[in-house]
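Student: Got a structure for you, written out below as C-alpha cells; questions coming shortly.
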Amino acid sequence: MELLAKTRKLNALLQSAAGKPVNFREMSDTMCEVIEANVFVVSRRGKLLGYAIHQQIENERMKHMLAERQFPEEYTQSLFNVTETSSNLGVDSDYTAFPVENRELFGQGLTTIVPIVGGGERLGTLVLARLGQEFLDDDLILAEYSSTVVGMEILREKAEEIEEEARSKAVVQMAISSLSYSELEAIEHIFEELNGTEGLLVASKIADRVGITRSVIVNALRKLESAGVIESRSLGMKGTYIKVLNDKFLQELAKLKTN
C-alpha cells in the first residue's frame, strides 16, 4: 500500500467520525494496519487509550499490562525524555516496547517513540513496535500524522471535560443561590447528618433539632432536586432517601461553610 493510500485510510477514519469523538481503539487498529506494527497510544499517566497488535508477543507481563490497559509508571515517565520522534530503537534501549526479560527472543525487535503534543503540552506518547523490518520514512510520516490527530482528539476531550465541569459548577451555584437562608441552613444540617453522598434521613428529627419547620426542609430538597443536583425518594416511616447527583455540590456547600 502506497503512502497516499495509507494516508487516505487514516483520513477516512477521521471523516467517518464526522464531529464525533475519534475512537482510540479504531485509530490504533487503522495505524496497525497501515504501518504494520504493534501500536500503543499511551496517556501522560501511562493509561492505554488504545492499542492494536500486529505481531503477538507471548509474555505474561505484557499480557497483564494489556489486560489492565496500563503501562508501568517508570517506563511511562521515561518516555517524557523523548522529545522528538526516535525510530528503530533496539531491544537494549530503555524505551523498547519488547519485554526485556526475553531479549534473546526479540533480538530483532524495533521500537519507535513518537511524542503526542498539543497546545504546547506533552499529552502522551505513541509507541510503535515490530520485529525485523525497520521503520522507514513513510512509516514515520504516518506515525507523526497520527500522533497529531491523537493530540487534537485528547485536547478536544480535555476541553469538553473542562466545559462539563464548569457547567456542573454553575448549576450547583444557581441551585444554592435559589435557597432562602433557612433552607440553606436546613441543607447544611441534612448533609452533615448524611456525612456522604447518599443515605437516609428523617426530616422531622432534623427540623426539631435545628428549630425549623419540616416544610422548609421539603422545599429545600425540592429545589435541589428540580435543579438535578440531588435525587430524593420518600420511604414512608423510614424517612427520605437522598443521593447527590452532581459531584460539585458537596464541594460548593463546604466552601459556603468555611466562608
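Every residue, even glycine, has its Cβ placed from backbone N, Cα and C.
Marked as DNA-binding region by Swiss-Prot: 203-222. Here Swiss-Prot flags S215 as phosphoserine, drawing on sequence analysis. Per Swiss-Prot, the feature region 'GAF domain' maps to 1-155.
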Student: Let me check the 10 A CB neighbour count of S215 (phosphoserine). How many other CB atoms are there?
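Tutor: A 10 Å sphere around the Cβ of S215 (phosphoserine) contains 10 other Cβ atoms.
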Student: What counts of helix, strand and coil residues does DSSP assign across the DNA-binding region (203-222)?
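Tutor: Secondary-structure breakdown of the DNA-binding region (203-222): 17 helix, 0 strand, 3 coil.
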Student: Could you give the mean pLDDT over the DNA-binding region (203-222), rounded to a whole number?
Tutor: 86
